[in-house]
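Peer 1: Just passing along the structure, written as structure tokens.
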Amino acid sequence: MQRIKISPVTRISGFMEIDAMIDKNTIIDAKTEGLLFRGFEKMLEGRSPFDAVYFTQRICGICSTAHSIASTLALENAMGIIPSQQGRYLRDIIHGCEFLQNHIRHFYQYTAPDFIRLPEGNTLFETDHNDFRLPKQKNDLIVQHYFDSLKYSRNAHEMLAILGGKAPHNHGVFIGGITTQATPEKIKQLCFLLNNIRDFICKKMIPDAYTIAGYYKEYFKIGRGYGNLLSYGCFNGYEKLGTLFVNPSAYSDGKIMKLDPTEITENIYSSWYVANSDTYTPYQTIAEPSMKKDDAYSWVKAPRYRELPYEVGPLARMWLSGDYRNGISTMDRTLARVLEAKKIADIMFTLLSNLIPGVSVQKEYKAPQNAQGAGLIDTTRGALGHWIKIEDSVISLYQIITPSAWNLSTRSEDNLPGPGEKALIGTIIKDYDNPVEIGRTIRSFDPCISCATHVYSNGNLIKTMQVVP
Amino acid sequence: MNQVNSNCPNFNTRLETTSVLVNKVIDGVKQKRIKKRNLIWLELTGCSGNIISLLDGANPDFKSLATQMVNFIYDNSLMVSEGEAAMEKLFSVIDDDYILAVEGAVSTKDNGLYNVIGRCRGQPVTAYEAIKKFGEKAAHVIAVGTCASDGGISAARPNPAQCVGIQNLLDRKVIKLPGCPCHPDWFMGTLAYIMLFGEPELDNRQRPVMFYSTLIHDICPRRKYFDKGIFASKLGEKTCMFKLGCRGPVTRVDCPVRKWNEGVNWPIGDDSPCIGCAMFGFPDKMEPFISYNTT
């Protein structure tokens, strides 16, 4: 029996430790640990409801727009506001910019270094494993694209700033749509940048992903997880355009079903929190941090749908929309992400061509005395939910369930591993000293939590890799 | 968008400051007049938005920084090594010359266990330990963004993780680059200045004067509306947003000139007020960000 701990798992947003137990080269148990706590939900209590849009973005620097959108939706829901279609188009274009920025960065800066050798002589690019299989010429082409890609993800943020003031942490997304208006000049500039980004995705990123997939074929059989997939929907339900991407839905046991948001719960059995009950619905309670819990191992909680763990993210969306049905695995997650980038770029062209310049979507809003609302939306990494309660015109409860909480959730009383943990279990580790398989699979979920991942097993510590006992 | 804020040639010079400084460093390194310095970038209790913002830098870009300016030793978001091997790279420069850039505040609750940044020789390393260890020995310490500078949103009330800015834990000079996030030019320009000339001139809040000397309100393109008393009553209007809660009148930084994301826009260009993200006391002292009480 071997125990491996990896901390930090780099090339993710935040901190994670993986603790895995290995028997006869196979991972028999794994825990994903998130080791950062900030407590945004507590911080939001007593603040102005409008401020949540700007405040919650600061949860994350790589997907800050996601939070501005979910909090805006929660406010609109609480205030009974239905934004105009122009307002939705503008906001969804901003949302699309974040998808592009994120997917390009995730594929090149976070994923590719697991499979290609970056230039020598730079500490940042040094690695310890040796499982690089691409012929030099193909490897070097992707290295070139690694650096080229910086421009295109930067351009996606530039697009975001045209409508949203700045990125990260935009100012544009707000109740009713966005704060500013489209102009012919802005639309032209957005189309120009989008065209270049789409070109890069089609001509470089997608072929590069397939090149990598061709040399690492076993990753189509690694990292399946449960095969339960879930989406809150996005780019959907427009009055005139209908659904351009995916409606709220879930997939389990080979069947796709409509999503029922009342079946979403959160559990803290294995997390460093206490509450009246270990399982609760989003409006019920905000758990209090407490590191004095024997069985807890993470700051990440355990969201469940109909009491089961579900995977969220690009593969879930592309599967549910019918755009990608090759399989559910580490490599399928990566391919679904790059293919989704193209899909999003195409959707953005549709939205841009439906914009009417000079339409203001802002009004003078008044915070309600008492209200509650939910904002459920699929963002880059998957299903993101914000739930707000307003009392005396200030926030009295704010609940956030992030996509990475779904994917890297801990165990509840039933001891079912989270989707990320489940995806690791059963993986064969070829070289104990360099368990490269673990990072590859965990990164395919594009984790966005400050967490730490231990690769670990129940008992007999014989040898630890990368970490001392 | 892209409107010229002023005809004053000083503005153009300012915009060029960062690229001029960085290119001087790159030339100097090429000609071996300037030594490539080691750079450590620690992400602590925050959102990693500052390293993402750094990747948005264009003139020059991240590639120039990482390959031509410095030996980029450690960053959690970008480095290829992971686990103990990554931490060994971090610890390998502790007795060497290095510049330390830090984003995120430091969580002090439960001996720092609210933020573990990795493991070294089997033992968890907290952000608290890391800042003490690497902050004391660094040649220069740069607090990148509002959280590292003053606690920022990570220390927002009731501050559940008991976060503080890094200066609170270090008995030494810290250069502060507040902003949520930090603009890539502010960091690149400061780093280049250090490599060329040493520490830049700082104001009484330890911010480089070259980026933080101007009050947003003084150079705001909507200042004329303020002076005439024409105020917006909702977002999206083109007039002065003072009564919507704009924090331009108290925030010192060069956003109106520099703007964001290759200079395409900034919050006021998007018809929304400045929320004072680069200001000491953000967020608690800058709230409410949006107010419709315009009387």
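Each residue, glycine too, has its Cβ placed from N, Cα and C.
Take a look at what TrEMBL says about it:
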BINDING   A:Glu41, A:Ile400, A:His454  Mg(2+) binding site
BINDING   A:Cys60, A:Cys63, A:Cys448  Ni(2+) binding site
BINDING   A:Cys63, A:Cys451  Fe cation binding site
Peer 1: List those binding-site residues among A:Glu41, A:Cys60, A:Cys63, A:Ile400, A:Cys448 whose Cβ lies under 8 Å from any Cβ of chain B, in sequence order, or write 'none' if there are none.
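Peer 2: Of A:Glu41, A:Cys60, A:Cys63, A:Ile400, A:Cys448, the entries that lie near chain B are A:Cys60.
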Peer 1: Could you work out which of the binding-site residues (A:Glu41, A:Cys60, A:Cys63, A:Ile400, A:Cys448) has its C-beta surrounded by the smallest number of other C-beta atoms within 10 A?
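Peer 2: Looking at the binding-site residues A:Glu41, A:Cys60, A:Cys63, A:Ile400, A:Cys448, the Cβ with the fewest others within 10 Å is that of A:Glu41.
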Peer 1: What whole-number Å value do you get for the CA-CA distance of A:Cys63 (Ni(2+) binding site) and A:Glu41 (Mg(2+) binding site)?
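Peer 2: One finds 17 Å between the Cα atoms of these residues.
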Peer 1: Between the Cα atoms of A:Cys448 (Ni(2+) binding site) and A:Glu41 (Mg(2+) binding site), find the distance and write it as a whole number of Å.
Peer 2: 17
Peer 1: From the Cα of A:Ile400 (Mg(2+) binding site) across to the Cα of A:Cys60 (Ni(2+) binding site), what is the distance in angstrom?
Peer 2: 13
Peer 1: Check the DSSP secondary structure of A:Ile400 (Mg(2+) binding site), expressed as helix, strand or coil.
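Peer 2: Reduced to three states, the DSSP call for A:Ile400 (Mg(2+) binding site) is strand.
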Peer 1: Under DSSP, is A:Glu41 (Mg(2+) binding site) helix, strand or coil?
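Peer 2: The three-state answer is helix.
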Peer 1: For A:Cys63 (Ni(2+) binding site), just give me the three-state DSSP call.
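Peer 2: The three-state answer is coil.
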